[in-house]
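Here is the structure we will look at, set down as structure tokens.
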């Protein structure tokens, strides 16, 4: 016979209250994020301008400084996304970044989108990189198949126990699988914050540093809106990272589905311009994750 809730079952009462509070806590972490509630200026607050009552922002880069913002909390697994409209026209030498970072110095975990500025008429490149336990050097570059300065596009990082996927709109441009069983580093234990920055990097960003920033075109602007964070906030429920009921840990998200796999192959065949796995000048022997 099923138990009926009543004060005569104190253990059940405690469990019900705990479960309710936990679900409320997780629900809050999954609501649409806003800049005012969920983010703060990381540097040069004067160059971060709020719009639409904090639902959208503008980052500014000029000769004096760039700027950046960070989430107020850190998360352990989940999905983060933003809609971004990049710098139009001549943006050579600039980098607009959207990334997650554990902020743990030499052992940091980090998942990077870096949008590399261009000379007018050239395609915009996006570089992704993955740091696990302090080790990076996993760069891949893709030329975007549209002009990302004309309108907002959604950029997403999915981070689960099984894999990390970078999406441009609904198109996966990179997948990094968890191969810890083969002694390949994978970020599993360090919570990460969500960050974005706009800065000058003309020593490497555009054509390896050949194209320098043209300050006569400054100030440069990047725009953000529709912030979305669905993850396990830290501090938070201790069971959250391993909870199989979190949707990003569900069976449907343990690998790319058939449609995503086709789109991923299309990107790699038609738009990938650099892959560290095939760069024999840097890695005469491919890194272990490239052979897994």
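Glycine too: its Cβ is placed from the backbone N, Cα and C atoms.
As recorded in Swiss-Prot:
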type: SIGNAL; residues: 1-30; note: signal peptide
type: DOMAIN; residues: 31-224; note: domain 'GH16'
type: ACT_SITE; residues: 110; note: active site, nucleophile
type: SITE; residues: 112; note: site 'Important for catalytic activity'
type: BINDING; residues: 114, 127, 128, 129, 137, 138, 139, 203, 204, 208, 282; note: xyloglucan binding site
type: ACT_SITE; residues: 114; note: active site, proton donor
type: CARBOHYD; residues: 118; note: N-linked glycosylation site
type: DISULFID; residues: 232-240; note: disulfide bond
type: DISULFID; residues: 277-290; note: disulfide bond
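Known features from Swiss-Prot, placed on the structure.
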residue	record	Cβ contacts under 8 Å, 6 or more apart
110	active site, nucleophile	99, 100, 101, 102, 129, 130, 131, 136, 192
112	site 'Important for catalytic activity'	97, 99, 127, 128, 129, 130, 131
114	xyloglucan binding site	95, 96, 97, 99, 126, 127, 128, 129
118	N-linked glycosylation site	90, 91, 92, 124, 125, 206, 211
139	xyloglucan binding site	127, 128, 129, 274, 276
204	xyloglucan binding site	none
277	disulfide bond	283, 286, 287, 290
282	xyloglucan binding site	137, 276
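Compared over the disulfide-bonded residues 232, 290, the count of CB atoms lying within 10 A of a residue's CB peaks at 232. Local packing around the Cβ, expressed as the count of other Cβ atoms within 10 angstroms, is greatest for 128 among the binding-site residues 128, 137. If you average pLDDT over the domain 'GH16' (31-224) in this model, you get 95. The secondary structure of residue 277 (disulfide bond), as reduced to three states from DSSP, is helical.
According to its DSSP assignment, residue 139 (xyloglucan binding site) is coil. Between the two most distant C-alpha atoms of the annotated xyloglucan binders (114, 127, 128, 129, 137, 138, 139, 203, 204, 208, 282) there are 20 Å.
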